[in-house]
Amino acid sequence: MKGLSSLINRKKDRNDSHLDEIENGVNATEFNSIEMEEQGKKSDFDLSHLEYGPGSLIPNDNNEEVPDLLDEAMQDAKEADESERGMPLMTALKTYPKAAAWSLLVSTTLIQEGYDTAILGAFYALPVFQKKYGSLNSNTGDYEISVSWQIGLCLCYMAGEIVGLQVTGPSVDYMGNRYTLIMALFFLAAFIFILYFCKSLGMIAVGQALCGMPWGCFQCLTVSYASEICPLALRYYLTTYSNLCWTFGQLFAAGIMKNSQNKYANSELGYKLPFALQWIWPLPLAVGIFLAPESPWWLVKKGRIDQARRSLERILSGKGPEKELLVSMELDKIKTTIEKEQKMSDEGTYWDCVKDGINRRRTRIACLCWIGQCSCGASLIGYSTYFYEKAGVSTDTAFTFSIIQYCLGIAATFVSWWASKYCGRFDLYAFGLAFQAIMFFIIGGLGCSDTHGAKMGSGALLMVVAFFYNLGIAPVVFCLVSEMPSSRLRTKTIILARNAYNVIQVVVTVLIMYQLNSEKWNWGAKSGFFWGGFCLATLAWAVVDLPETAGRTFIEINELFRLGVPARKFKSTKVDPFAAAKAAAAEINVKDPKEDLETSVVDEGRSTPSVVNK
């Protein structure tokens with residue numbers, strides 16, 4: 001907090017010393033934006049992340065004072081940046097409790113998606129559901145849902161999610177985050193009626209497709225809303241909370257399905273009740289989101305400055321003159337950043353995400369990060385109850401295993417929060433993949449034996465897989481996909497990455513259905529060999545292409561990508577992006593990023609606008 005206090009004190013001094021000039025002078029915000037905009041057009045430096053400037057700077061008529069004013073702005077930015085980066089978790093929670101609470105509320109919408117997708121997979125192991133909608137397997141004498149219908153139902157909700165993701169963008173532009181989420185919750189509550197009163201698998205398919213659209217909305221806005229209202233110190237915790245919500249939803253589904261198996265095994269309530277319980281969520285969440293503050297970034301983009309100020313007053317804690325200064329500085333930061341983005345270019349298109357080498361690299365990493373959640377075999381966990389039955393355990397025991405599995409997933413996410421203080425993003429991602437690969441190979445080996453002990457062992461090891469998945473790749477991905485894109489293309493990159501995940505998930509789901517269904521490949525636990533191999537392939541990509549972003553601010557990540565730093569050198573490379581900004585503003589000679597990487601040095605008293613390896 002020392003840097004923040006220093007920044008506030010200098011803000012007070014500057015306001016006092018320039019009182020007369022404020023009355024008669026020129027507002028330099030526009031001047032500085034124009035100066036930096038012109039230089040930005042000549043260089044690759046991303047000015048959109050100069051977010052911590054104090055706002056209006058008041059130069060006199062002598063333009064020679066502009067560099068001094070810019071130096072002061074850069075110093076303010078650097079101190080605020082360092083203050084947030086070094087802020088401990090508990091300090092951040094005490095300083096920004098309301099921002100954290102609102103972010104947690106919005107992210108809770110993901111519980112519904114985790115819940116519904118989990119119960120769909122569990123229904124395939126529920127006898128009453130199998131008998132009503134399945135067909136008799138002449139080989140086993142049991143009823144089963146055909147592979148084609150299992151694939152079709154999965155495709156329906158994934159198609160709905162893809163449509164929902166694409167609709168979310170223009171909807172947010174028109175009505176904002178809050179009302180888009182409330183509208184999605186309203187439609188979800190309406191679409192649940194189709195599932196509850198279903199008479200055929202066709203009705204379930206329609207209901208899943210329609211419910212998928214609001215789920216797609218939740219996937220995008222939970223991450224973007226958290227990143228816009230919360231400070232850097234809480235970034236990892238609040239973005240990975242999305243994974244925790246997913247796991248909570250899956251845990252609720254497992255508990256409810258076990259209850260259905262025990263009490264309603266031969267009644268339609270066995271599958272209708274789990275559908276009906278989805279109505280619990282939309283109303284209280286809609287009320288909470290209605291009471292939540294709108295993103296101040298969206299309000300400023302729409303020119304609603306007074307509303308943005310009131311939103312910041314609700315987000316930031318504290319009271320008195322200090323809070324007023326914090327609100328003013330934050331508002332100036334948002335206004336200046338948006339002004340620069342609007343002057344430098346348009347909002348950005350999907351083509352911009354892949355047009356140039358830098359953004360193409362960032363988009364590729366974001367997409368492959370999320371695809372890694374599919375290619376590592378984690379989708380097998382979603383069909384754990386079905387998997388356990390095929391491994392030879394009873395239906396009741398299968399649901400018990402699922403509950404234990406999701407409890408381990410929740411515990412693993414909390415362990416991930418603790419481990420993030422000592423390990424980087426890449427470390428957790430790679431660690432999780434390596435241990436998953438080992439566990440899958442062991443599961444595959446056990447699948448070669450037909451003994452009861454081997455079948456029970458394979459089911460138990462799948463719970464271990466769930467633990468390492470939720471310790472490593474599952475939570476880290478939500479943080480990485482918010483860190484990889486540039487500010488201007490963040491929402492569109494997240495949408496592309498999630499849709500890449502959805503497309504690959506379709507392929508993975510088809511493979512799993514064929515692997516587990518007794519009428520098709522009937523691999524059972526032997527499928528562990530297949531997914532263990534894909535875990536190793538995903539790990540190989542991560543070693544080559546996934547950079548380490550832990551402890552890096554967005555402006556530092558921008559500079560590292562601009563300079564083309566190799567993925568494995570992100571962690572050991574020092575950057576001074578504020579020196580780069582000052583150099584751009586002063587119109588010094590702009591060098592090629594590769595030349596910066598080779599020739600830059602950091603002296604005791606000053607640093608060049610690029611990098612030095614430790």
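Using the three backbone atoms N, Cα and C, a Cβ is placed for every residue, glycine included.
Per Swiss-Prot, the features are:
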COMPBIAS  38-48  compositional bias 'Basic and acidic residues'
REGION    1-48  region 'Disordered'
REGION    594-614  region 'Disordered'
TOPO_DOM  1-108  topological domain 'Cytoplasmic'
TOPO_DOM  130-144  topological domain 'Extracellular'
TOPO_DOM  166-180  topological domain 'Cytoplasmic'
TOPO_DOM  224-236  topological domain 'Cytoplasmic'
TOPO_DOM  258-272  topological domain 'Extracellular'
TOPO_DOM  294-364  topological domain 'Cytoplasmic'
TOPO_DOM  386-398  topological domain 'Extracellular'
TOPO_DOM  420-427  topological domain 'Cytoplasmic'
TOPO_DOM  449-460  topological domain 'Extracellular'
TOPO_DOM  482-493  topological domain 'Cytoplasmic'
TOPO_DOM  515-526  topological domain 'Extracellular'
TOPO_DOM  548-614  topological domain 'Cytoplasmic'
TRANSMEM  109-129  transmembrane segment
TRANSMEM  145-165  transmembrane segment
TRANSMEM  181-201  transmembrane segment
TRANSMEM  203-223  transmembrane segment
TRANSMEM  237-257  transmembrane segment
TRANSMEM  273-293  transmembrane segment
TRANSMEM  365-385  transmembrane segment
TRANSMEM  399-419  transmembrane segment
TRANSMEM  428-448  transmembrane segment
TRANSMEM  461-481  transmembrane segment
TRANSMEM  494-514  transmembrane segment
TRANSMEM  527-547  transmembrane segment
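Here the transmembrane segment (428-448) does not touch the transmembrane segment (109-129). Their Cβ atoms form fewer than 3 pairs under 8 Å, with each pair 6 or more residues apart. The transmembrane segment (399-419) and the transmembrane segment (494-514) are not in contact, since fewer than 3 Cβ pairs between them lie under 8 Å (pairs 6 or more apart in sequence). Simply put, out of 109-129, 145-165, 273-293, 494-514, 527-547, 494-514 has the most Cβ pairs sitting under 8 Å from the transmembrane segment (365-385). If one looks beyond the transmembrane segment (145-165) by at least 6 residues along the same chain, the residues whose Cβ comes under 8 Å of a Cβ in the stretch are 116-117, 120, 123-124, 129-130, 133-135, 184, 201, 204-206, 208-217, 219-220, 495, 498-499, 502-503, 505-506, 509-510, 513-514, 517, 519-520.
Below 8 angstroms of C-beta separation, residues 106, 213, 216-217, 220-221, 224-225, 289-290, 292, 294-295, 298-299, 302, 491-492, 495, 499 of the same chain, each at least six residues beyond the ends of the topological domain 'Cytoplasmic' (166-180), sit close to that stretch. Residues in the topological domain 'Cytoplasmic' (224-236) partition by DSSP class (helix H, G, I; strand E, B; coil) as 11 helix, 0 strand, 2 coil. Listed by sequence, the residues of this chain that lie at least six past the ends of the topological domain 'Cytoplasmic' (420-427) yet keep a Cβ under 8 A from its Cβ atoms are 236, 240, 476, 479-480, 483, 542, 546-551, 571.
The recorded stretches the transmembrane segment (203-223) and the transmembrane segment (109-129) share 3+ CB pairs below 8 A when only pairs 6 or more apart in sequence are counted, and are therefore in contact. The residues of the topological domain 'Cytoplasmic' (482-493), classed with DSSP into helix (H, G, I), strand (E, B) and coil, number 6 helix, 0 strand, 6 coil. Packing against the topological domain 'Cytoplasmic' (224-236) from elsewhere in the chain are residues 84-85, 87-89, 91-93, 95-96, 99-100, 102-103, 106-107, 177, 293, 295-298, 315, 417, 420, 479, 482-483, 490-491, 494, 550, 553: each is 6 or more residues past its ends and has a CB under 8 Å from a CB in it.
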